[in-house]
C-alpha cells in the first residue's frame, strides 16, 4: 500500500463542475508537482494535451472510477502551471472520492477563485479578463454572456492598454521638457500635447460609456412599484414577469409584503419589486408591509408610482411623490382599458393597462431609457462598478492635468495618477486586498 505523499502548499485541487448529479464531473489539480500525483492516481503521466481514458486508483490500487484524464504541461494551461483534469462520473460521492484521493496525495483544497488568481499571477489573464471568467459563469442573459466573452477575449483590456500607452507617450514628452529646460525646442507644443490630452479625455469618456452598459448587463436595474392599494401593482408585476408571481384580488391590501421578481428587457436584468399599498392603516401586519415598502423604495434605482387612470394623481399620490427619495420616478396611469384612455407616454408619465398589456412595451422602453441603456452592438464588453470608479478617477485626473498644464511638475503628476487609475482595471497596479476581494467571490473550482 502506497504511503500518502507529503502536503504540497503549491498543489491545489477542487471539483470544477457544479454541485449535484450529472453525467460528467471534473476534478481539477494545478501546481508544479502534478506529475507525481498523476502517476499515483492514474499509474502513469498522460501525454500532454491528449485525451487519455484510464482508471482512477485509490491507495490500494483499486479503481475509484474510470474516465478521461487531461494533462496540460506548464505554461500551456489555464493557470500557467501543470494542470491535471480528471473527468469522471458526475455523482457527488464519486467526485468526493476522487478529490479526497488528490488531497491524500499532497494537494490542498483550492480557495475560491484560486485557479483564476494563479492564471492572473502567471500572466495568462489580466485582472479584467479574470473577472470576466466569473461574469461569464454568472451571465443571466445571452447579451451578458456575449459581453463577458468579449472581456475574456481581451477587448476591454485592449481599450484600457491603448489609453495607458497614450498617457505614457504624453508623460514622456513632459519628462523630456522637464529634463531639458534650457532647450529652445518646445516638445509639448511641437507634439500638440494639449490636443492629445483632450483626445485621451474623449476616449476615456467613450470607454466609460461602454463600461456602463456592461455594468447594467451584470448588475441590472432595481424597480419598485408603489401606490395606493388596488391600483394594479401586482397585476403589473405579473404582466412584466409573464406569469402570476403575485396574488391579485379585488380586495384592497392583498399584498402584505414585498414580492420580488427578476425579468429581462433586451438582456438587461430588471429586478421588479411589488410592495404593499401605501395608506394609513391600524392593521399591524399591513403596517409592517408598508414599512418594508419604503425600505425597498430607498434601495431602488427607479420608482414607479401607479395610479388609477380614471382618477389621476390626487392628494394622496402627491404625498407619496413628495416622500420618494432621489431616484428616477415615473408615474404609471394604469387601467386605461377601464378609463377609455389610449396608451401613450411623456417624459415621466405612462398610460397603460396591466390587465390587457396595452402600453406595457412603452414602460419597458422607459425603463431601459432610465437605466441609460443603449443597444449593445458588437463592441459591448462586460464591466464592473470598480471599473467605472477607476475610469471616473482617470477622467478627473486628466481634466485636472489640463487645468495645471503650464505647471509641468503638476501636469506630469496628474498624468501619472490617471495612468495608475487605469492600470487598476487590468491589474497592472492592484493592492493585495483588492485581489483577495475579487477572487474570493469566485466559485472554488475556478
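The chain as shown is numbered from 1 upward.
From the backbone N, Cα and C atoms, a Cβ is placed for every residue, glycine too.
These features come from Swiss-Prot:
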- 28, 85, 124, 446: (6S)-5-formyl-5,6,7,8-tetrahydrofolate binding site (BINDING)
- 220-372: domain 'TrmE-type G' (DOMAIN)
- 230-235, 249-255, 274-277: GTP binding site (BINDING)
- 230, 249, 251, 254: K(+) binding site (BINDING)
- 234, 255: Mg(2+) binding site (BINDING)
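Residue 28 ((6S)-5-formyl-5,6,7,8-tetrahydrofolate binding site) sits 47 Å from residue 234 (Mg(2+) binding site), counting Cα to Cα. In this structure the C-alpha atoms belonging to residue 234 (Mg(2+) binding site) and residue 124 ((6S)-5-formyl-5,6,7,8-tetrahydrofolate binding site) are separated by 49 Å. Ranking the binding-site residues 85, 124, 230, 233, 234 by C-beta neighbours within 10 Å puts 233 at the top.
In this structure, the CA atom of residue 230 (GTP binding site) is 57 Å away from the CA atom of residue 124 ((6S)-5-formyl-5,6,7,8-tetrahydrofolate binding site).
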